[in-house]
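Let me begin by presenting the structure, written as structure tokens, before commenting on it.
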Amino acid sequence: MAVVQKWREGMSSDNVKGLVLALSSSLFIGASFIVKKKGLKKAGASGIRAGVGGYSYLLEPLWWAGMITMVVGEIANFAAYAFAPAILVTPLGALSIIIRQENFTLKFRFGNLELIAKHCFSRSAVLAHIILRERLHTFGILGCILCVVGSTTIVLHAPQERQIESVTEVWDLATEPGFLFYTALVLTAVFILIYQFVPQYGQTHIMVYIGVCSLVGSISVMSVKALGIALKLTFSGTNQLVYPQTWAFTLVVITCVLTQMNYLNKALDTFNTAVVSPIYYVMFTSLTILASVIMFKDWDGQSPTQILTEMCGFVTILSGTFLLHKTKDMADGPGLSTSLSMRSLKHEEDDGFSEGIPLKRQDT
């Protein structure tokens, strides 16, 4: 109890609100990936797949159900950025990767976090088992534990949210030379990927689609945070809608989200989810933290020890994510030989793999 009390005293009320919203977002977004993936498969079976430029999934109700679930999660995520720094909110996306998985239930004892873990895992176990028929290896369970431990480490050492009184302050931060230089690099890389690499390598190299999503995503998160701050201030009585900067950030958010949605759909439809999810998480989170450190200067008020601890927590999450997806198609006990036989058969039938996990999407 003393540790929990100390933790609560060390976190601001805004950070606590952001934490709760981020955890809720992970639940909804994680479930939406399962439903959207199922919808993409159904649409691809009767029409042109999204991976080759088709949009038949827009007529699939299951895909729209996944989209609605994702929208709810993104709204919670959007609100979380308005209350807490990106270095706290973004790494918690690892919990949505856990929620997308397998048939198991875990009990974690991190004070009040135990109830959240039970709730998320028990619901996701039923959903993933019914829809995707996925199982989890013991090392996958260890990966989940690492993700939760890493997330908890970051939560306990996250910086306090910067106090901003107007959206114009955010605009000033966004137009500083450091962030303008970062934005120019991102836009240049995105245009090169879209016009030079996507036509030639989009169907064979997973980093092309995910690179576009991650680069654009780092800019969209900064704009989402700016827009969230503007709306929070507006609802608290200081109208920010009269500033053109608010609408500029809104335009950037819409453009970036549509771009991410398009290329993420292509990646999910073309490559195995077990490969897409961890790579996308690592790239997106790393670039978002970098963008936040440049724009909002999250680390300015922290000691080197705190920064190092946060980075260790992030590396722990990356390790857990790797283990979770590396053993995604493995199972314990008598079923292990069967699982290995099926994976061996898949090796003979498909061309693209990533050391035991098929790189390409497979239909059964």
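Each residue, glycine too, has its Cβ placed from N, Cα and C.
Summarising the annotation, TrEMBL assigns transmembrane segment to 16-35 (among others).
What TrEMBL lists as transmembrane segment is 55-72 (among others). Counting same-chain residues at least six beyond the ends of the transmembrane segment (55-72), those with a Cβ under 8 angstroms from any Cβ of the stretch are 28-29, 31-40, 42-44, 46-49, 265, 269.
What TrEMBL lists as transmembrane segment is 78-99 (among others).
The transmembrane segment annotation in TrEMBL covers 139-159 (among others).
What TrEMBL records for 179-199 (among others) is transmembrane segment. Nonlocal intrachain contacts for the transmembrane segment (179-199), taken as residues 6+ away from its ends with a CB within less than 8 angstroms of a stretch CB, comprise 173, 205, 208-209, 211-212, 215-216, 218-219, 222, 290-291, 294-295.
The transmembrane segment annotation in TrEMBL covers 206-227 (among others).
The transmembrane segment annotation in TrEMBL covers 247-264 (among others).
Annotation comment: TrEMBL describes 271-295 (among others) as transmembrane segment.
According to TrEMBL, the transmembrane segment annotation covers 307-324 (among others). Counting only same-chain residues 6+ beyond the ends of the transmembrane segment (307-324), those with a CB under 8 A from a CB of the stretch are 87, 91, 94, 97-98, 101, 139-140, 142-154, 157-158, 277-278, 281-282, 285, 289, 299.
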